[in-house]
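Engineer: This is the structure, below, for whatever I ask next.
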Amino acid sequence: MASKIFFVLAVFLVMSAVLPESFAGCKKLNSNCSRQYRECCHGLVCRRPNYGNGRGILWRCVKAKK
């Protein structure tokens, strides 16, 4: 029984190391983000959107350009 619990914990630790965005509650599209942390969901990047009048002030999660 103890080995099964240990196995589940080991799998969880490996998964959280490999897929941090799925466990840490990643930031969705257009959410505020901070540049130094990779907190946007998979396929999103943290950028300052350009709203036509220069650069935006807030960093947001936006779709990464291919």
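Including glycine, each Cβ sits where the backbone N, Cα and C put it.
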Engineer: Under Swiss-Prot's annotation, the disulfide partner of Cys26 is which of Cys33, Cys41?
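Structural biologist: According to Swiss-Prot, the disulfide partner of Cys26 among Cys33, Cys41 is Cys41.
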Engineer: How long is the line from the C-alpha of Cys41 (disulfide bond) to the C-alpha of Cys61 (disulfide bond), rounded to the nearest angstrom?
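Structural biologist: Between the Cα atoms of Cys41 (disulfide bond) and Cys61 (disulfide bond), the distance comes to 8 Å.
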Engineer: Hey, what's the Cβ neighbour count for Cys46 (disulfide bond) at 10 Å?
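Structural biologist: Counting Cβ neighbours of Cys46 (disulfide bond) within 10 Å gives 19.
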